[in-house]
Amino acid sequence: MPAFFVTGTDTEIGKTTIAAGLLHAARSAGLSTAAAKPVASGCEATAQGLRNGDALALLGECSLALAYEQVNPLAFEPAIAPHLAAREAGVELSAARLHDAVREVLALRADFTLVEGAGGWRVPLQGRENLSDLARLLGLPVVLVVGVRLGCINHALLSAEAILGDGLALAGWVANIVDPATSRLEENLATLAERLPAPCLGRVPRLADAGPAAVAAHLDLRPLGIGL
């Protein structure tokens, strides 16, 4: 069943917003959905344990019955880089450990599954490992969320180069307009479309309501080979 790894050109550029929108689009088409965000920092302490807003957003768009811990097996309270949070907590943060956790979700064989990373492509784990090593172990095609603002072309092209250099397929990309005041916006988008070696799955404007349904209206799953 189709599964994809979602990464972004940076942190705070709307990876989860886009991932939840993609899941919603799949659900609306009658597909079963599942998701994983294997590591998250900036979590809130609740009576049920640490909870991350991004992981909860993904869980809300999963049609399969998943426990929170299946979606987000490693949660850390400090809003810092995951490898620093794990080090402070004395927790192993290896690509192999995350891989084993994600495989449990993939084994459910939903019609459409997303695995969302943290930050960008080269976010450190432990030792010399990066989150990209998890993506390589999983072998999933990648969806790149481009936070459209000044500097995004360089970030997007470098990210795409790294993804392909790691031997993974770039299945598609999404233009998420995080700064509508970006100078020469249309020209920037045209350059991205010309230079990125993958189809664009949609252009998401800055929305007053950035809920999954509103975002899904601007996305197209067909370039991913998903029949709708």
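In case you wondered, yes, glycine gets a Cβ from its N, Cα and C as well.
On a predicted model such as this, the values are computed, not experimentally measured, just so you know.
The ATP binding site annotation in Swiss-Prot covers E12, I13, G14, K15, T16, T17, D54, E116, G117, A118, G119, P205, R206, L207, and the record cites sequence analysis as its basis. Its Cβ placed at the centre, E12 (ATP binding site) has 9 other Cβ atoms within 10 Å.
Residues or ranges marked as Mg(2+) binding site by Swiss-Prot on the basis of sequence analysis: T16, D54, E116. Of all Cβ atoms in the protein chains displayed, 23 besides its own lie within 10 Å of the Cβ of T16 (ATP binding site).
Summarising the annotation, Swiss-Prot assigns active site to K37 and lists sequence analysis as the type of evidence. DSSP classifies K37 (active site) as coil under the three-state reduction.
On its own chain, S41 (substrate binding site) has N52, A75, F76, E77, P78, A79, I80, A81, P82, A85, A118 as residues at least 6 apart in sequence with a Cβ closer than 8 Å to its own Cβ. According to Swiss-Prot, the feature substrate binding site maps to S41.
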Whole-number Å value for how far K37 (active site) lies from G14 (ATP binding site) (Cα to Cα): 14
Between E116 (Mg(2+) binding site) and R206 (ATP binding site), the C-alpha gap once rounded to whole angstrom: 21
Most Cβ neighbours inside 10 Å, all chains, among the binding-site residues D54, E116: E116
Per-residue Cβ crowding (10 Å cut-off), top of recorded positions K37, R206: K37
